[in-house]
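Below: the structure, in structure tokens.
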2 protein chains.
Amino acid sequence: MRSSIATVCISGSLGDKLTAIADAGFDGYELFELDLVTSRMSPEEVVTRSADLGLSIDLYQPFRDFEGVAPGLLDRNLRRAEHKFELMNRLGIDTMLLCSNVGTATCPDDSAAVDQLGSLAALASRNGVRIAYEALAWGKFVSTYEHAWRLVEQVNHDALGICLDSFHILSRGSDLDAIATIPGEKIFFCQLADAPLMNLDVLSWSRHYRLFPGEGSWDLADFVARLVHAGYRGPLSLEVFNDVFRQGDPVVTARDARRSLVLLEDAARAARLPLAALQSSALDGLPAPDILAGLPRVDASRGFSFIEVQPGAGTAVDNVLVQLGFTHQGKHQRKNAQLWSQAGVHVIVNDDLTGPRPRLAALGFEVSNVQRASARAIALRSHLLPRDRAIDEDILDGILAPDGTEVYFSERDGETPSWLAEFGTGGSVPTTVPTLPPTGITHVDHVALVQPWQRADEAVLFYQSVLGLAVSDGLDLASEAGLVRSRSLVTADRGVRLALNVTPLQPETTEVYLNHIALHTDDLVATVSELRARGARLLPIPQNYYEDLDARLDLGAELVETLRSLEILFDRDDRGCFLHVYTMPIGQLFFEIVQRTQGYDGYGAANAPVRLASQRAEERRRPTD
Amino acid sequence: MRSSIATVCISGSLGDKLTAIADAGFDGYELFELDLVTSRMSPEEVVTRSADLGLSIDLYQPFRDFEGVAPGLLDRNLRRAEHKFELMNRLGIDTMLLCSNVGTATCPDDSAAVDQLGSLAALASRNGVRIAYEALAWGKFVSTYEHAWRLVEQVNHDALGICLDSFHILSRGSDLDAIATIPGEKIFFCQLADAPLMNLDVLSWSRHYRLFPGEGSWDLADFVARLVHAGYRGPLSLEVFNDVFRQGDPVVTARDARRSLVLLEDAARAARLPLAALQSSALDGLPAPDILAGLPRVDASRGFSFIEVQPGAGTAVDNVLVQLGFTHQGKHQRKNAQLWSQAGVHVIVNDDLTGPRPRLAALGFEVSNVQRASARAIALRSHLLPRDRAIDEDILDGILAPDGTEVYFSERDGETPSWLAEFGTGGSVPTTVPTLPPTGITHVDHVALVQPWQRADEAVLFYQSVLGLAVSDGLDLASEAGLVRSRSLVTADRGVRLALNVTPLQPETTEVYLNHIALHTDDLVATVSELRARGARLLPIPQNYYEDLDARLDLGAELVETLRSLEILFDRDDRGCFLHVYTMPIGQLFFEIVQRTQGYDGYGAANAPVRLASQRAEERRRPTD
């Protein structure tokens, strides 16, 4: 289906917006009145610019509050409409959106609205345009799509149809079955927005919290499938505005938007309810629109293939890895990168690129087919990272996540990751640190990535779509440095867990929000005892924490004493327990060592304020590095 | 009354918080559990630190979900309580807050809750402490203060009283009359928070949007007066948390908090309803608490006394003032500051302090008594600005507003501002620009100040309290560069209008949010014609704006053509019209020239997106300065 987006979704001047919309691969756009009024481009220049960019102008939304008014006001409204129809002709736009009256309507009965919409339709027809009438969820007398459709049906004019907007319909919890009763050709337009579930007045919800499909809570695939089933063949158009997009980079927002629509179309095809219809004649008349056809979802459940840290900052990272029981495996054939491993956990320390402080630079995920995973990522509007590749190197395609993390796909060659061959086993250990025995690390439990708040929703969509992860939960954490929103993305078998921690709004406080790598052990007490014996620097935990733990949970004096003496944090949920410790930060990252028992499914969020306070206290103590 | 604040209100470590709370002049504080748990200070160290700072610890809130539970859980809860009572003894805190059960309660009937609260009271009593029971608005079985009081009354134990929290009571719209039926000695504590009116679920409302008294919509003065009338003699304690405070500077937040409480006490004394009670015996037992006693509200309705711009940036500012018809009046006796005037509007261009670009540095307000206004500002926790004063200079006290603007008070000496004498009339004109005739400017219509979003609520309280202004309205503006919240503060006669424009969250886009000075003329068409004849550089307005104006409003072809040819913006409300133009920005400020007719009460907000888009377009065109 054709893709479209309202100019109001993104920031910048009209020229900026059109460039970004074309860049992201949209077919057309809805022109928002204010974007034209504030522009120095004349209508004719807008037409030329759009044609140059290959964009159609699908809809114009010049005014509201038309129908159900007193006769005198009707005349003024018709006069205004005629002005706008002339403008639409100059712009070459054939469809005008008319929202149901929220302000000036004074006639509650349908007959006045029918008469007045009829007059408008006749005027539109004479001017060669048509009207798509849409019920706003907070419309004064018309607030449901069923009601809007009854009016349109009664007017019964070729130049009047309806516009179905997912926000206005789903925010009211309307029954969607009536969509099937509307003839497809009378559905003139379709606007799509997702939203988080909120108990907020619907106007504020709409103004500040709309999201692109897949970033909120609604089943938009079902909504779209119903429209197609009803015979709708117009564009799928995004009308999403929130406080973040209004301020974001237009190119980033447009790409995020396009990604959401690609995924939505894919999901709509797979939607259960109208599956029969979609597979049969209902889709016959459509051009092949499926960008993702033949590109099955990526299954990242094979787990983390590697984690790359750069730079090593001399021996700082190596020292911690050695203490954690990692063994040096070799040096990369061409790069200044060292591989450290323990029980199938691979950490690459890359000194090819220098930076001020070590950071988590890349995550490798094992997939069944790298080429297909990459093709899907490209279809989802991600760009492959440039990567010089030796002829004998593994195919290892990378894309950039919104948070700046590089994400690589890799395959497995029998028991070993195929990229492993790139590391010569004969490479000498790069440091003088002696190798120590393993400490019981079994696998990567999770990776926690800090998300800039203005790109957090985009990141959730990115990781879901490109890696096939699912959102498992979300929570707010109040720490002494601000409010941290957290969302967890997982594979069904929990082989991959990503914890996305959204930074607070005020940038000065982000310095303690570091990425971290959580490693699992089956016996944290033993692992930590060994680490302490090795002199590892673990994050200090206040004694007050253990007094409170003792008061809160019936753990028994012995366990509390063990936890206290080793400064291990403890949490539990309905299923099991979670014990964890943190290393001191190394640059912009740190390690966590965890033990997860009996199906515990969280991340010790209750203890996060303790960690953040302790990191902040350490930050103050140590000299600036 | 004694003033107190919950540590949860402000950010930072416990040590940071205590310092900030003491600094702001509070008498005591409520210790929030998590602040102790995450602290490296032992309970004994907290006691010592508090004593050193002169702070009492008024309340401890260690846990929730106590009453109405199954017997097994009760035992665990009592065990936990005893742990916390011991800790309270170490901390020297005599009152524990207990919120009504939201999670674990399973017994809906009051009898179980009464029994269990009785057990807790007995245990508390044995440990020498007492319990203040508070109904949370979203409590499972107990959600109103009347219900909480019924339970406390039935338990009838000296160690059990209630805590009244304005948020939980006012957010539910509860009837306040029952407060008078509670014996004062059974009201163990009082927590205060204001909030904006929102149609949001009460839990989210509470977590994210609480404000200090005076910053929201509630009549907290009435609430406090009712408590005093009932005989409450404990501290007035602030319990306010929102997403901004969690991230703010603790010292700033604590000062803002203290200011709100000073004002609230003042307002409570003046509250109509319990006036009789307050003036009679009900207040006899109280120490004189009125910090503001004898400091009447500042009446800034005499208007703007002067506006100071610094630096002049060579002749950049002078040139614009000359074009606008200002006349050079003289140079300051000691400073490198020039006075320009037109019809009682005084603009001072100060080159003593240099900065990168001209900015609106200070506002002078005429008051009846400078000393009283300053004393009031000090009582409201503002600091006087250091100012070297010559012996013959006017008393001109200044304070710093949250947005960085310097606010000065000045008196009038007969017909002239008394500070005017500081400017020697014999000073030579500092530039070679010829003086031009006046352009019809009559007075300052308004001044628009950009507010950093994280200090916007504080700013509203500051300008209200220090200048005696009233909030007249608030609105959200969507511009192409983001969402701008705007609030208007005015004197009753509109002699002073301040428009506070709150920046969007993302700092990169703030560059176009400039302060501006709006000057009034009685004939904008004549003024603008003259300005254009003088070659003044006014902000270009897109032609599309006039096409839309013509479609929207029935202004007649002639008026629209006049507006279009002079590029004048137009707005109207129920009462009158508003015509306005803007100068091009000079550094970080610009001038607006307006004509306000027939009681129009706005600021042309509908045209703000046009202005912002045009400023942004100009910003791109001109070389960086």
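Cβ atoms here come from the backbone N, Cα and C positions, even for glycine.
Note that TrEMBL annotation is computational and uncurated.
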Of the candidates A:Glu366, A:Glu567, A:Glu592, the one that TrEMBL places in the Mg(2+) site of A:His446, A:His516: A:Glu592
From A:Asp75, A:Asp94, A:Asp165, A:Asp266, the one annotated by TrEMBL with A:Glu134, A:Gln191, A:Glu239 for divalent metal cation: A:Asp165
From binding-site residues A:His446, A:His516, A:Glu592, the one whose Cα lies nearest A:Glu134 (divalent metal cation binding site): A:His446
Whole-number mean of pLDDT values that fall within the domain 'VOC' (A:443-596): 86
Distance [Cα-Cα, Å, rounded] between A:Asp165 (divalent metal cation binding site) and A:Glu592 (Mg(2+) binding site): 45
Rounded Cα separation (Å) that holds between A:Glu592 (Mg(2+) binding site) and A:Gln191 (divalent metal cation binding site): 45
For A:Gln191 (divalent metal cation binding site): intrachain residues, at least 6 apart, with Cβ closer than 8 Å: A:Ala6, A:Glu30, A:Glu134, A:Cys163, A:Leu164, A:Asp165, A:Ser166, A:Phe167, A:Ser237, A:Leu238, A:Glu239
Sparsest-packed of the listed binding-site residues (A:Glu134, A:Asp165, A:Glu239, A:Glu592) - C-beta count within 10 angstroms: A:Glu592
Conformational class of A:Gln191 (divalent metal cation binding site) under the three-state DSSP mapping: strand
Packing count at A:His516 (Mg(2+) binding site) (other Cβ atoms within 10 Å of its Cβ): 22
Collapsed DSSP category at A:Glu239 (divalent metal cation binding site): coil
Cβ packing number for A:His446 (Mg(2+) binding site), 10 Å threshold: 23
